[in-house]
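Undergrad: Checked TrEMBL, it gives:
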DOMAIN    226-411  domain 'Major facilitator superfamily (MFS) profile'
TRANSMEM  12-39  transmembrane segment
TRANSMEM  45-66  transmembrane segment
TRANSMEM  78-98  transmembrane segment
TRANSMEM  104-121  transmembrane segment
TRANSMEM  173-191  transmembrane segment
TRANSMEM  227-253  transmembrane segment
TRANSMEM  259-280  transmembrane segment
TRANSMEM  292-310  transmembrane segment
TRANSMEM  316-339  transmembrane segment
TRANSMEM  351-371  transmembrane segment
TRANSMEM  383-405  transmembrane segment
Amino acid sequence: MRLYLTTLKNKPFSFLFASILFSNLANSIANISLIWLAYNKFNTPLIIAGVLGALQLPSLIIGPFLGGLLDKFQKTNLMIFANFVNALVFIFLIFNNLNTNNNVIIFILLLVISGSMKPLLMGGDSMVIQDIFPNSEERIPANALTTMSFDLTYIFGSMLSGVVIALGYGFKVYTLVGCLYLLVVGCLFVVKNNLNNHKINISKSEYGTFFSNFINALNVIFKNSELVIVLIMDFLWNMLLWAGLTVLLPVVVKVHLSYGAGAYGLLESMTSIGIVLGSFLIGQIRLKKNSLVFGVIGSIGLHGILFITLGLTYNLWVLVIGLIFIGIVVSPALIYKTTFYQQTFDDNSRGALFTIAGTMTSASYPIGIMITSLLSTYFSSKIGFIFVIYGLIITFISIIAIFNIRPKMVK
């Protein structure tokens, strides 16, 4: 606990952490409220797909390139601009009921612009932490705090928006989300001023063109075998285990357990609770620099083993305990992965590097959703089989990866 308090006493980080809290809370409420608006207003799942596509596709397509702006311009200015754009989407909704086709088109365009801003935020937080804390030992508790904040705000934001919408105050949610994004802007202004006033050594890049910056980032990746391993593991991890759980969990609850939304909501929050508990513990452990990759891969491998057990039983309370343990086990991967990136991306193209890594993670999720949806359709009566196969794949690949990095750790 003392380590976290010491970290939070750092003024630039404390305001950055506040901005991350408000941003995560706003994102959680925004996603649920936008889906509610889309379906409630137009009564078709196609509109939901359009809204989610407008939010996700721009960042996937231009993410690695637009992220290079973080190498050319001041990070905090770009983050302020991106969050202000996010606020505009919901300010527009406050004063507009989307009662004409033109208004709907404007709304979708605002969503596309907002979605395209995501790359500026994907690496921005990590890069600012990288500037504030010069070594990985200081960054681990900072990354643990940001990891905990995501899951805490996810749980609270989902509950809050659900209650408000259920009470019939849907459009008031947009006022709340808009205000939260403006609070983020205010916090980032304080971070920017503190970084300047304290004359913290902010890394600056020699920037050529968008293309040369992107190519340089790819060269950095392919010259570092450990980085390639972590990126591939992260991609497969999200595609199979996280996306897989998203599709398989409601099927297990409804078809195999014969429970309703209450049980699903309970299980959905268990992993986040485990991540918060695990992150609190892991953030206080000092790990050697050359052990970060081992921590990431080992954590993902253990997740694979626990994922197998989810397919072997269909008991509600066993699943509750299993998901909590999964949350605890994956917290080292979440924290050490970010710390490893911060340690490795000390390069002229680090903005592009962070966004390439983030884009790979973002792209893996919808791919995994599609694959698992098809498999669960064909093997609807054998959902446990999918859990076992996914878990075995990740466990096997993790073992291979550990043997590949072990000689370097010995050196």
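Every residue, even glycine, has its Cβ placed from backbone N, Cα and C.
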Undergrad: Are the transmembrane segment (173-191) and the transmembrane segment (259-280) close enough that 3 or more Cβ pairs fall under 8 Å, when only pairs 6 or more apart in sequence count?
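TA: Contact criterion not met.
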Undergrad: If we skip the immediate neighbours and take only residues 6+ beyond the ends of the transmembrane segment (173-191), which ones have a Cβ under 8 Å from one of its Cβ atoms?
TA: 12, 15-16, 18-19, 22-23, 25-26, 29-30, 33, 76, 79-80, 83-84, 86-87, 90-91, 93-94, 128, 161, 164-165
Undergrad: Taking 78-98, 316-339, 383-405 as candidates, which has the most Cβ pairs under 8 Å with the transmembrane segment (292-310)?
TA: 383-405
Undergrad: Six or more residues out from either end of the transmembrane segment (78-98), which same-chain residues have a Cβ under 8 Å from its Cβ atoms?
TA: 19, 23, 26, 30, 37, 41, 69-70, 104, 106-107, 110-111, 113-114, 117-118, 120-121, 124-125, 128, 171, 174-175, 177-178, 181-182, 184-185, 188-189, 192
Undergrad: Let me know the model's mean pLDDT on the domain 'Major facilitator superfamily (MFS) profile' (226-411).
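TA: Value for the domain 'Major facilitator superfamily (MFS) profile' (226-411), mean pLDDT as a whole number: 86.
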Undergrad: Which residues, given as numbers and ranges, are at least 6 beyond the ends of the transmembrane segment (383-405) yet have a Cβ under 8 Å from it?
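TA: The answer is 225-226, 229, 233, 236-237, 240-241, 244, 248, 251-252, 255-256, 293-294, 297-298, 300-301, 303-312, 314, 372, 375-376.
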Undergrad: Near the transmembrane segment (316-339), which same-chain residues lie under 8 Å Cβ to Cβ, leaving out any that are not at least 6 residues past its ends?
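TA: 126, 136, 139-140, 143-144, 146-147, 151, 230, 234, 237, 252, 257, 259, 263, 266-267, 270-279, 281-283, 287, 292-293, 295-296, 298-300, 302-303, 306-307, 309-310.
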